[in-house]
C-alpha cells in the first residue's frame, strides 16, 4: 500500500490533496495540527494567538463543497479545534473520508494495523482526568490537548503487532537513534533538551519500547528526522537505550529517500508560525518559521518489501518525523508498506480493531471526568487481565457477527461556516451521533437515548 505521510497540516488541505493525488497514494495519514475548524466560532476552541487564527481549507470539506479524494486519517496535535475533536473521543469522521483517530485508538486499514495517540506531553496534566468543557478558560484550552496516562496505559496493554504508530509528539530519546548531529545543526536550540534527555515525550518513549511498531510517524518539531530503533538493544525498563550501532547518519536506509521531487505546487500563506507559549519544552520551535513563498515539494519515496514477522530479539522500528506545510520544507513522504492481508482493489477497507475494543471495555470503568483521575488507574497487568475477559464479549458480539466494519456515518453537529456566525460567538457543545453509536456498538451505552438530528445545512437549496 502506498501511504502518504504528512507532518503538521495547519489547515492546508486543498494543495495537500493535489500533491497526494499526483503521488497516487492509497492512504493519507497526518501527524496532527490538522485544525478541523467548521466555522469561526471554533476559534474559541483552538490554542493559538488570535493574529494567527485562520479558517483554513477544512470548512469546505465539512460543509460538503469539497470531498477528500483520498482516505485520510489523523491524530490531534496542540493546535486543534479541540471543541470539535472532543466530540469524538474514540475517533470518528470529521468530514466525509477524513477520519480522526480520537484521543487514542487502533484501527485496521486495508490490512494495516494502525495505532495512534493525540496531543503532546505535559507532566502537569499527564495524570489528570478529562475535566475540560465549554466554554474553555485559558488553562483548559491548553490542558485539553495534553496526553493523559489513561490513554498511554490503554495502548500499553496491546499485545498484537502494530504496523504503524501515529503521534504528534516525538518519543523521548528517539534522536539518539538517528543523526543527532545533523538534527542539532538544523535545530541548534534543541541542544539543551537533547543533553538533558528531555526532547520528546517520556510517555511515548514507554509506548515505543512496549509496542515496538514497524513504523512510527510523527510531526510537531517542524523538521524532518529519521531514525531506526533496534529493540534487541533496549533494556527492559521502559526507556530507550542507545549504542553506537544504533546511531546512523541515514536513519531510514531505503533507496530514493533523499531524492527530491522537482514538482512545484502552490501553497497557501502560512499564518500560524508562532507557538502560544506555555512552557512545554518543545513548542518554542514554532517561533522560527516565518518564510512564505511558492511551495517546492520535497516528496521522497521509500520502497520496502513485505517484512517477515520479527521475534522479540530482532524487532526494528523505523521512525519518520516530518515538517509542516511551508515552502522548501520536507513535509510529505510516500512510504510503501505491504499489508499482512492484501485487501480487495479500491479504497482501503476500514475496520475497528477487536483487541482495542476489548481494551476500551476494560478501561471504561476508569474513565474520569474530574480534574483528578478518579478512580485511580489500575496496573498494566490488571488491565491486561481485564482485557482478556473482554475479548470474549467482543468475539461473541462483534467479531462473529461481522460488526467490525467502520460505518461511514459522518454527521454535521455545529453549523457550517456562514456570515451569520461571527468570531465573538462561543461554540456550542454537541453530542456527536457517531460517539453515541460507537458506545452502543461496544456495549458501553444502552440504546435508550436518541441521537441528536443532523444540523441542517444553511446553504442547502430547497426546491
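Cβ atoms are placed via backbone N, Cα and C, with glycine included.
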Region 'Lariat recognition loop' range according to Swiss-Prot, out of 118-148, 149-179, 180-210: 118-148
Record-annotated divalent metal cation 2 site (Swiss-Prot): member among 66, 78, 83 besides 33, 168, 220: 78
Residue from 222, 230 that Swiss-Prot also lists as binding divalent metal cation 1 with 8, 10: 222
For residue 78 (divalent metal cation 2 binding site), the three-state class that DSSP assigns: coil
Distance, residue 222 (divalent metal cation 1 binding site) to residue 168 (divalent metal cation 2 binding site) (CA atoms, angstrom): 11
Cβ neighbour count within 10 Å of residue 8 (divalent metal cation 1 binding site): 31
Integer mean pLDDT for the region 'Lariat recognition loop' (118-148): 98
Protein Cβ atoms within 10 Å of residue 220 (divalent metal cation 2 binding site), excluding its own: 27
